[in-house]
Every structure is written in C-alpha cells, then in structure tokens.
Amino acid sequence: MGYSESRSESVSSKGKTSYGHELETVPLPEKKIYTTWPDMIRHWPKTTLCIVSNEFCERFSYYGMRTVLTFYLLNVLKFTDSQSTIFFNGFTVLCYTTPLLGSIVADGYIGKFWTIFSVSILYAIGQVVLALASTKNFQSSVHPWMDLSGLLIIAFGTGGIKPCVSAFGGDQFELGQERMLSLFFSMFYFSINAGSMISTFISPIFRSQPCLGQDSCYPMAFGIPAILMIVATLVFMGGSFWYKKNPPKDNVFGEVSRLMFRAVGNKMKSGSTPKEHWLLHYLTTHDCALDAKCLELQAEKRNKNLCQKKKFIDDVRSLLRVLVMFLPVPMFWALYDQQGSVWLIQAIQMDCRLSDTLLLLPDQMQTLNAVLILLFIPLFQVIIYPVAAKCVRLTPLRKMVTGGLLASLAFLITGFVQLQVNTTLPTLPEEGEASISFWNQFETDCTITVMSGIHKRVLPHDKYLHEDKKNKSGIYNLFTTKSPAKGNGDWTLTYDLSYDGACGDTSKLEKTVKVTAKSKKIIYVGVGSFGYYQNTANTDKPTDGTGEFSMGIVTVFNSSYGGNFAMCRQNTSDFDVNHPCNPRHPADFYFWETDYNSHTDDRDQNATITGSLSSQPAVTYKQKSVKPGYWQLYYLLNTPKDVDRQTYNKTATLVAPTNYGFHRVKQGGVFIYALTGTYENPKIHELQIVQSNSVSILWQIPQIVVITAAEILFSITGYEFAYSQSAPSMKALVQALWLLTTAAGDSIIVVITILNLFENMAVEFFVYAAAMFVVIAIFALLSIFYYTYNYYTTDEEDGEIGVDDEEEIEDHNPRYSIDNKGFHPDEKDTFDMHF
C-alpha cells in the first residue's frame with residue numbers, strides 16, 4: 001500500500017500525568033501517513049502551489065533589490081564601505097525585526113491570509129518608491145531621504161510577510177502528512193532560492209547597463225523587482241477561494257506577555273507557594289469562572305474541570321524551551337548575512353575578469369549561493385541524508401550543529417582569501433605617520449636623486465616612488481615619516497634633490513623641497529622643469545563593480561588651462577574619427593567638467609608650484625571610475641553634459657586631442673595622469689597609486705560552497721525545527737522569533753562595524769570564524785543536556801485534555817505528540833533523546 005497506518009494508544013479515562021494528576025480520555029486520531037511519491041502527489045494540498053509561487057516572486061523582488069543595494073549605497077548615495085555595511089545590515093535587521101509585528105497582526109487580528117495580502121501591497125509601494133528615487137542622479141535633493149523611506153516601507157512589508165507565508169503553507173497540511181510537510185518546507189526553500197538565483201544573476205546586469213544618461217541603470221534594477229512584487233500579490237490572491245484559512249484567535253504575543261508578567265508578579269508576592277515551574281504562579285490568581293476562554297472551553301466540551309489557561313501555560317513552556325535553543329543562532333546569521341555586504345566588498349577588491357572581454361560582476365557571485373542551494377537541496381535529501389543516516393541518527397539539532405561548524409570553516413577560508421587580497425590593497429600610514437612619494441615629471445631624460453638624511457632614492461625619467469609588495473629590493477619604496485609631535489596635525493619635511501642627465505639648466509632647478517605631511521595620508525610630489533608641487537593622493541579603489549579602474553588628472557602647463565577633459569572609447573562600433581566622443585553613450589564617455597549640474601566642479605584643488613617662473617598652479621581633477629577598454633584623452637571644449645539641458649550628441653561635442661591613449665583591461669588600479677609642457681604638445685606622465693586587482697574572484701567559490709552547505713544544514717532545518725517544535729497556538733510567533741534571530745545576527749555585524757574594531761578584514765574574518773566555533777559548541781551542549789524533542793502537528797482541537805482543578809500541569813502534552821522517529825528516537829538511548 002502507499003501508506004502506513006499510525007495507531008497510538010489512548011490515555012485511559014483515568015490516566016495519570018507525570019505529576020499524578022488525573023486526565024480525561026485523550027483520543028489520538030488514526031490517520032494515514034503517506035510515504036510513497038504517487039500517494040503524496042495525489043493527496044498534496046494543491047493550494048500550496050500558489051503559496052510557493054508567491055514566495056518565488058516575492059523572493060525575486062526582495063533579492064533582486066537587495067543584490068544591488070550595497071552598490072547603490074556606495075555609488076549613488078556615496079556612502080563609505082563602513083556606512084554601506086551598516087545601512088545594508090541595518091536594513092536587514094529591520095526586515096527581520098518587523099516579522100514580530102506581522103505575527104501579532106496575523107495571529108491576533110486579521111489572520112495570516114489578510115496579513116500577507118495587506119503587507120504585500122505595502123511592500124510593492126516601497127519598491128516603487130525606491131525605483132523612483134533611483135531615477136535621480138546622486139546630486140538630487142531626494143537623496144537619501146526618499147531612498148531610505150522606500151527601504152523602510154520595504155522592511156515593514158517583507159517583515160509582515162515573513163512569519164506568515166511558511167506558517168500559512170504549513171496550515172494547509174493535516175495530521176498524517178508530516179512527510180509531506182517536511183517536503184513542503186524543502187519546496188518552499190527551493191522556491192526562495194529559485195527566485196533569488198534568477199534575480200541575483202540578472203539584477204547586476206540591469207545595474208551595469210547605461211540608462212537615463214548614466215553608465216548604470218538602478219531604475220531598471222529596482223523597477224523590475226517592484227513589478228515582480230505586484231505579480232506576487234496577484235499570484236497569492238489566485239488561491240484565495242481554496243486556502244484553509246484558520247481564523248485569528250488571539251494576539252498570542254500579548255497573551256504570552258500578560259501571562260508571564262502576572263506569573264512573575266504572583267511569584268514575587270510574599271508567601272507564594274513554590275511551584276514546579278515559575279509560569280504556574282499565574283494560576284495562583286486565575287479563576288476559570290471569570291475567564292471567558294475557560295468558560296467557552298467548558299461549555300464546548302461539557303466539562304467544568306477544563307482550564308484553558310493550564311493548556312496555554314503548557315504551550316508557553318514548550319515555547320520557552322525552543323527559545324533557549326535559539327540563543328546561539330544569531331551568530332550563524334552574523335556570518336551568513338555578510339555575503340551581501342562584506343563579502344561583496346571583498347569581491348570588489350578582486351579581479352573579476354574571466355577573460356579580457358568577459359567579466360563576472362561581484363554581485364553576481366551571490367547567484368552561486370542560490371544555484372548551489374537548488375542543487376544541494378535534492379542532493380542532501382536524496383543522497384547525503386540517507387547515506388549519513390546509515391551511520392548516525394540524523395536529528396534537526398545535529399544537522400544545525402554541523403551547519404554551524406561549516407559556517408565557521410567558510411569564514412576561515414574567507415580570511416585566507418583576504419590575506420591574498422590584502423597584497424593588492426594600499427598600506428596606509430598609521431596614526432601620526434605619512435608616506436611621501438616623489439614623481440619624476442621631466443619631459444626629457446633627467447634622473448632625480450632624492451635624499452632624506454641617510455635615505456636615498458634614485459628616480460629615472462617618468463619613475464615614481466610607490467609601494468610594491470612583490471619587489472623586495474625596495475629601490476622605489478615610499479619615504480615613511482612620523483610626526484615629531486603627538487597628535488594628528490600637519491608637519492613639514494625637507495628633502496634634498498640632485499639632477500643628472502638631460503635636465504636643462506640645473507642652476508635654475510630646486511635643490512631643496514619642503515613637503516607638508518599629513519597623518520595617515522600618502523603625499524605625492526611632482527618634480528620637473530617647472531619646479532615642484534605636492535598633492536594628497538586619493539587611494540580609494542573604484543566601487544562601481546563593472547571592472548573599472550580609477551583615474552584623476554593634474555595639469556602643470558606653462559600656460560593657463562583649467563578647462564574640461566574627456567575620456568572617449570576608441571573601439572566602439574560607431575566610432576567616428578571626426579567626432580570621437582559621444583556623451584549620449586555613458587559607457588563610452590567619461591568627462592571632467594568645471595561648471596555643470598548647478599555649478600558642480602570636477603576640479604578638486606589647485607596646488608602651488610614652487611620654483612616656477614609662471615604663476616599658473618597645478619590643477620587637480622577628481623578621481624573617476626573608468627571601465628576597461630581602448631581610451632583616448634581629449635580636451636573638452638564645451639559642456640555637453642548638464643542637468644539643465646539635453647545631452648549633446650557627438651557632432652555638437654567639441655574636443656581637441658592630447659595625443660595620449662591607452663588600452664587597459666586590469667581593474668581596481670588607481671592612477672593619476674599629469675600633463676606637463678605645453679597645451680598644444682603635452683607630455684603625459686602616469687602614476688599608479690594603488691595596484692590593480694590580481695586575486696581572481698573565483699577564489700570566493702570555496703567559501704560560498706561551504707557557507708551554502710551550512711545554510712542547507714542550518715537554515716532549512718531551522719525552519720522545520722521552529723515550526724514543528726512549537727505548539728499550534730505558537731507557530732506564527734515562533735516563526736517570527738526565529739526570524740528575529742537573523743535581526744540579532746545582523747545587529748552583531750552593525751555593532752562591530754560601528755565600533756571599527758578591525759583595521760584588517762582578514763583578522764575580522766578569523767575572529768568571526770572563532771566566535772562561530774565557540775557559539776556552536778555551546779549550541780551542541782544545549783542540544784545534548786537541555787533539549788528534548790517534542791513534535792507537534794497542525795491538527796489543533798483545544799481542550800481535549802481535561803485536568804482537575806490543580807495548580808500544576810504536566811510539562812508535556814501527549815495530545816499533540818506523534819510517533820515521528822526524526823524527533824523521537826529510541827527512548828532507551830538517552831543521548832539520542834536530546835541530540
């Protein structure tokens with residue numbers, strides 16, 4: 001047959017509890033438990049397909065937006081790495097705190113169905129607000145308040161849905177369908193990751209496309225998720241006539257809170273009788289004759305000895321046992337949820353090239369997690385779990401402990417990857433220190449010797465001092481200096497220069513250079529026939545996430561020019577040698593303009609040239625991110641890009657050549673181009689301040705594989721554990737509290753980031769790995785010595801247990817227990833009973 005019959009003996013009409021109290025008859029219903037695939041498919045609640053489809057669309061919407069959110073914070077709202085991490089994970093905290101409100105509304109007021117429908121509309125509104133905000137450029141006054149308002153609405157929307165959808169799906173199953181319920185949670189999680197897989201792959205593509213005059217398209221990346229959220233709402237409503245809609249009964253959270261407060265109050269009163277459990281003190285002042293629920297239950301069951309509050313206390317006690325097991329869980333989420341923030345920032349620092357023409361976008365690495373989830377779910381269900389079960393009894397808590405250990409391993413791997421990434425990052429001076437670079441900008445073959453006390457550096461033509469971690473000779477190392485006084489103020493340094501080669505009349509050249517050092521900064525000093533000048537280097541790597549390098553411009557002409565510049569791609573399909581620059585193709589045109597978009601100026605600062613016969617300053621232009629390719633630098637003779645008018649086409653864009661071009665495929669480097677000599681025939685010098693990324697982004701694959709396996713073992717099992725181990729009256733509340741552990745985990749990330757405890761990301765990853773190992777060890781101990789499995793079904797019939805009017809009740813309610821070997825191992829094995 002396609003099913004087995006589960007027969008459980010009824011408690012005798014005068015049975016005893018573990019405390020010796022008499023019980024009424026407890027009939028356990030006889031149900032068919034379907035075990036074969038044909039029978040499970042035939043008896044499957046079809047309405048759950050609408051729920052799973054809704055979850056797919058909603059997760060597509062959420063993850064599609066969330067995938068590109070960090071880049072949006074970095075590049076549109078102009079937040080720093082730390083600020084982006086704080087806001088990203090802070091948003092996640094809110095998304096996983098608001099489920100508590102959703103649970104209260106669903107259980108106590110309008111039910112799960114109407115809660116899901118109502119907040120879905122709110123959710124869609126938030127997505128639309130965020131999409132509209134993203135249509136404005138970064139200088140618009142709508143930022144950041146409109147963006148953050150949209151995110152706030154989204155957080156309340158997704159939070160209201162989270163505790164209800166999975167629980168609402170579980171409500172569609174009946175006693176005897178436990179195997180189907182377990183498969184439903186796997187299907188549910190599969191739909192989550194199918195939606196996230198597709199969205200995390202295509203949202204970065206939407207983001208990277210030029211639109212609305214920008215070289216990225218966040219309106220598309222946010223707009224399509226908004227559309228999918230509307231679709232999710234419609235799909236959910238499609239099954240509204242066939243859902244099993246359990247009516248709301250009470251505000252369970254409020255009732256639990258009132259019960260606890262009264263129990264504590266009664267316990268604190270002098271002369272209170274000791275109880276087996278502190279919650280039982282609630283019954284000290286409870287009178288069934290004055291309680292509407294007790295009277296209703298007694299009338300329904302025709303038994304004046306029944307007490308609704310005694311059963312409810314039993315439910316709350318089971319809730320507290322589960323919540324104790326939740327205490328170590330936030331640490332797992334503190335690791336797992338760094339994929340969208342800290343791991344993404346790590347990916348930005350890596351080489352995304354699969355070839356010279358093919359890029360794997362950093363935010364697309366999150367797609368691998370979703371793809372692996374889809375592969376791992378059947379792999380674990382069909383192969384790994386059955387094979388492992390032949391060697392060891394598999395229980396939810398054992399799976400979760402294993403998942404926690406794998407999460408620790410994932411961050412150990414991440415730390416070692418970061419150690420390699422660090423070799424391409426700039427080593428910034430410590431507090432009270434500065435690094436000084438000299439840059440030979442002679443137009444001729446002149447060698448400069450720089451002396452600082454006993455330290456000497458020799459700079460041939462076009463060379464510069466820089467940090468090269470791969471070159472052990474140190475012949476071009478930066479000068480490092482410490483402040484002579486305590487504090488972070490500026491201080492002055494003196495260097496002696498000598499010249500050799502085709503340097504012209506050396507008697508007119510500066511022999512002594514005075515440099516103003518700044519704490520924690522890298523200062524570069526340009527030296528040439530014009531004299532010398534100094535600037536503070538911007539060491540920030542580009543964060544656009546589409547393979548960019550960063551470049552700035554300095555003009556040191558012997559005549560006046562402080563106008564516009566443009567970088568124009570030379571290998572486009574429609575390239576016109578007579579009109580080489582097309583401002584209407586943002587990915588092929590980068591510009592530095594001096595007065596545009598309501599008086600925006602891309603000139604960063606003017607540096608005084610010492611020793612120059614001319615009064616012209618060295619004009620410095622801001623660093624901008626440029627995509628890889630074939631580029632030519634031009635003087636831009638008008639202002640084609642301005643918010644007050646339509647962008648010029650290529651024929652209206654006036655340019656003059658500098659006769660300097662290059663081909664660059666590497667990403668992540670930070671460059672400055674100095675133009676010296678004459679405007680008509682400039683000599684261009686290149687200074688690379690920060691190395692290009694050299695560690696392949698593919699090295700993130702091992703850590704993603706391991707964290708995904710951890711997710712399978714911890715998160716899916718946790719969903720099932722939270723649902724199955726709670727009494728029917730507590731299911732939505734327990735789901736909300738399970739989600740609240742994610743909020744607590746992300747709060748850990750936010751607090752650590754705010755405290756700025758780690759300068760080195762690798763050290764931070766190792767600390768997280770160690771913390772996870774310690775916490776999961778505590779979790780294992782709780783599993784072994786504290787928790788005993790108790791499996792509840794969704795078939796709730798209040799008050800089938802009658803308890804005489806006593807102050808104590810048993811801590812385990814046999815009415816809700818069934819013989820499920822996954823949760824109730826052989827009682828002779830005490831260890832397995834717990835862990």
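The first residue you see is number 1, and the count goes up from there.
Placement of Cβ uses the backbone N, Cα and C atoms for every residue, glycine included.
So that you can see what the record holds, here are the features copied from Swiss-Prot:
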type	residues	note
TRANSMEM	86-106	transmembrane segment
TRANSMEM	113-133	transmembrane segment
TRANSMEM	150-170	transmembrane segment
TRANSMEM	183-203	transmembrane segment
TRANSMEM	222-242	transmembrane segment
TRANSMEM	325-345	transmembrane segment
TRANSMEM	368-388	transmembrane segment
TRANSMEM	401-421	transmembrane segment
TRANSMEM	697-717	transmembrane segment
TRANSMEM	738-758	transmembrane segment
TRANSMEM	765-785	transmembrane segment
REGION	814-835	region 'Disordered'
COMPBIAS	821-835	compositional bias 'Basic and acidic residues'
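Proximity of the transmembrane segment (368-388) to the transmembrane segment (183-203) is established through 3 or more Cβ-Cβ distances under 8 Å for residue pairs spaced 6 or more apart. Counting Cβ pairs under 8 Å that are 6 or more residues apart, the transmembrane segment (113-133) and the transmembrane segment (222-242) reach 3 or more and are in contact. Taking every listed stretch (86-106, 150-170, 183-203, 401-421, 738-758) in turn, the largest tally of C-beta pairs under 8 A with the transmembrane segment (697-717) is reached by 401-421. Remark: the transmembrane segment (86-106) makes no contact with the transmembrane segment (765-785), by the rule of 3 or more CB pairs under 8 A.
Listed as Cβ neighbours of the transmembrane segment (325-345) (distance under 8 Å, sequence separation of 6 or more from its ends, same chain) are residues 66-67, 69-71, 81, 84-85, 88-89, 92, 362-363, 365-366, 369, 397, 403-404, 407-408, 410-411, 414, 700, 703-704, 707, 710-711, 714-715, 718, 721, 737-738, 741-742, 744-749, 761, 764, 768-769, 771-772, 775-776, 778-779, 782-783, 786-787. Sequence-remote contacts of a segment are chain residues at least 6 beyond its ends whose Cβ falls under 8 Å from one of its Cβ atoms, and for the transmembrane segment (150-170) they are 48, 51-52, 54-55, 58, 62, 65, 69, 91, 94-103, 105-106, 112-113, 115-116, 118-120, 122-133, 181, 184-185, 188, 243, 719, 723, 731-733, 735-736, 739, 794. Of the two recorded stretches, the transmembrane segment (765-785) lies close to the transmembrane segment (401-421), with three or more CB pairs under 8 Å once pairs fewer than 6 apart in sequence are set aside.
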